[in-house]
Amino acid sequence: MKLLKLPWLQHREEHKSYEVYTCDVSPDSQRLATGGLDGKIRIWSIPDILKFASNPNASTDKDILMKPLSTMSRHAGSVTTVKFSPDGKYLASGSDDRILLIWELEGGTTQPMFGAESTDIEHWNVRRRLVAHDNDIQDICWAPDSSIMVSVGLDRAIIIWNGSTFEKVKRFDVHQSHVKGVVFDPANKYFATASDDRTIKMFRYHKTGETSFSVEHVITEPFKGSPLTTYFRRLSWSPDGQHIAAPNAMNGPVSTVAIIERGTWESPVSLVGHDQPTEVASFNPRIFKRQKDDSTTDTIDGKKTGISDEVDCIVASSGQDKTLAVWSTSKARPLIVAQDICGKSITDMSWTPDGKILFITSLDSSIVVLTFEDNEFGEAIPLEQNIEYLHRYGVDKDSLVFPETVEQLILEDQAKNLKKSNVDMNLLENRLGKPGTIAEPNILQVRSKKRAQLTGTGNHTDNNTTSKAEPPHVNILQVKRKNKVTGVTEVLHDTVVKNGKKRVAPTLITMGHSPDKSRKRVILSTAQSLNNTVQPTTKPAPEEKSTLAKLQSTKLSKPSFSIPRLGIHTLIMGFKERTRENFINQGSTDSTVDESNVNIDEGPQQLEQNSAEEHLLTLNSKTTLEKIWRDEPNTRYLEFNSILPDADAVLREMGTIDDLYVLEVRNGVERSIQFDTEALYDNSTRVLGYHAGQRSFELFFPDVVLTCVGCMETKTWILATTTGQLFFIDTLGQARCPRISIGHKIIKLCTSQSHVIAITETALIYVWDLVSMSLTLKNIPLLPLLARDPITGNRARFTSKIKSAKMTENKDLQLVMTDIAPDSDSNPSTLHFLYSSSLSCWCSPKEALLVDASVEQVITS
């Protein structure tokens, strides 16, 4: 990739520079049209610009034109948009003077017009002057076949023009605010408009007779809360017709580019990477083959197999942050990020048809040129195959063919007349027969042939003989009503309820319809009706009657799936909160409980004995899973926890004074409302990283950060959220691995050498190796250390607290705890415990050393 910033490629007059608002490339890749604040449209020569990419000293070449080919100044205000027609014949320009001009290149040399530059090489004349808008015109777009043109502006109007006569076809005022962008579907079925009312409206148009338009869908979800400070909302449609890139979208508090899928019109993907609102997105007009990362050198018929059949599309996005990002549909991260590529906001972008050059305009009056090497984005598929990807949406090749001259249209009419002359005029006579004869309809011929084949008389040899034959016997199919099965009577089963009344027991309807048997009966009756002239209808056998009667009279239904012969093995586990008798007597408020339905296996004495021995637990309605997650984390067994204070901003440091890294955590909401999705959507957690006093990254998280720690050995930040998730990021903000969900609140994070130790609220320990990014220890319980004394009663008291944790050289976990004896005024004692990875249990450090020494002695002996 090369970046060109030429001093003469800008809108400049004398000593003053003007903002450039728009640019567009002609279909033949020979001209670049730009417009800006000076109210002039400038046409540049692209081949002359590209000579500077190959030769930096090309300014000394006299053959290179370092000025515009033409400069047009017919607008009375700033030029906000210019667009070449797809056939390259016209150039449309819109301005804040509310006038839409249609330009056409004039062949030959003519006298310069008033107001035009006398040194212009090309001369563009205004063919039509369209007046219909009541305010600034913001964007213009042509249909792929140049049949219609759509213009939008600040007057909320969407005006559709005829592409050949430039008459106004229709006007829509469906938006509630300024309309700042419009784009056409490459399959020529839709066009989309973007407005400051935070919506995108999809219009469907049909070219059946008079063109009709209708609003297909309204997209609002990606643009909730989007800022209204952007001057443009320039959309772009992918060349395969599958996606729309819409700038100035929002993902929480972050400005993004929304990728909208065709058909569903949903936005499952957002391009996140811009600090300020985006104003323009532009798809590369070429489709590229997807290159595998692990491409092999194997060949099949002399061709490499490293390239798959899947394709990629390239999209560029930019806006007020002066940053250009180039994305690929197959990668989650941008291919290219060029920061501060311009001095001010970027207003427009345009690709050449071959997809190798990108032009960028900015408010700093510069026009930036980016040139890409061959196969830098991948191997581009031929342009003819682009149409094949659009065929699934109904596009045809005829809609993409443009008549170049009047002679071409005359030749096409002559070709149509030639085809009509070659049509066989005797086709109707051949079908109906010669005059004077009556031909039998084709359907009767087929029936007569079939009847002849069944009777064995052979085929007819002449059409005249069929008229003398007997009229064919046609079977008439009559609709038969569903008859009840003979021998089966509807039996109602009466039951007696508790109060002595009789009720009809319900019959399961699963066997009321047997798909297999009903289908067989329908097929059998149809076959019998078709062959009623050959053989009489047979009655069902007595065995079938008895089977049907049994199936309909049964009260049991077949299961929807097969069950094993011995049943399904189940295991029920849980807490016994109350005895059955107490639950029936106390828990039920219904006085009409049927005691006969309660199966009590134990006797009264056994129940009294159980209730006296065990402590009955009562379920507290406030102790729910939601309340556990919402409450503040419990740190009763930690002497020092690492939970962040519930403040606006919290700082964490790692490293030395000479090499200091700082992490700033700004939780968007308080922990009391951490599960309020709407509040988190509006105020996400913001994490800032600093190194040597300079900001190195900025990240947004959809959760509240509970604790964090840094590891200087691996230069990694570890963040834990209130939802039990861990994030591992480096000092540049890149994720070292996908987020890890533990399912428990992490109340302490500490590092030891290149390991990170996580202690959860449920007294479990996890250890990760940050060098290999692997899990070293998992689900190590602390309860054997915290509750070493036998528990008496129904309550457990923890008298020990964890003071510190670290990893040894043998990758064993060592804990230092303080123990306070109950009802004692003595100083707390310090205890040391070691979790041996080889023994998978807790032990004292001395015992572990003895075990290691004995093992070494056995090995040496």
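Residue numbering: from 1, along the chain as shown.
In case you wondered, yes, glycine gets a Cβ from its N, Cα and C as well.
What Swiss-Prot lists as compositional bias 'Low complexity' is 455-466.
The annotation region 'Disordered' is assigned in Swiss-Prot to 450-471.
Under the heading repeat 'WD 1', Swiss-Prot lists 14-54. The list of residues near the repeat 'WD 1' (14-54) in space but at least 6 beyond its ends in sequence, with Cβ under 8 angstroms from a Cβ of it, reads 2, 4, 6, 61, 64-66, 68-73, 75-84, 86-88, 91, 93, 95, 103, 122, 124, 344, 347-354, 357, 359-367, 369, 371.
Swiss-Prot lists 74-113 with the feature repeat 'WD 2'. A mean pLDDT of 88 is what the model gives for the repeat 'WD 2' (74-113).
Annotation comment: Swiss-Prot describes 132-171 as repeat 'WD 3'. Residues of the same chain lying 6 or more positions beyond the ends of the repeat 'WD 3' (132-171) and with a Cβ under 8 Å from any Cβ of it are 77, 80-87, 89-90, 92-96, 98-100, 102, 177-188, 191, 193, 195, 203, 205, 207, 211, 213, 232, 234, 399-400, 402.
Taken from Swiss-Prot, the feature repeat 'WD 4' covers 174-213.
Per Swiss-Prot, the feature repeat 'WD 5' maps to 227-270.
Annotation source Swiss-Prot lists repeat 'WD 6' at 295-337.
When the repeat 'WD 7' (341-382) is classified with DSSP, helix, strand and coil residues number 0 helix, 19 strand, 23 coil. Annotated repeat 'WD 7' per Swiss-Prot: 341-382, in sequence order.
Mapped onto DSSP helix, strand and coil, the repeat 'WD 3' (132-171) counts 0 helix, 21 strand, 19 coil.
Residues of the same chain lying 6 or more positions beyond the ends of the repeat 'WD 5' (227-270) and with a Cβ under 8 Å from any Cβ of it are 138-139, 180-187, 192, 194-196, 200, 202, 216-217, 219, 221, 276-287, 311, 313, 315, 317, 319-320, 329, 347-349, 386, 389-390, 393, 395, 668, 680-684, 686, 700, 702.
Within the repeat 'WD 2' (74-113), the DSSP-based counts of helix, strand and coil residues read 0 helix, 20 strand, 20 coil.
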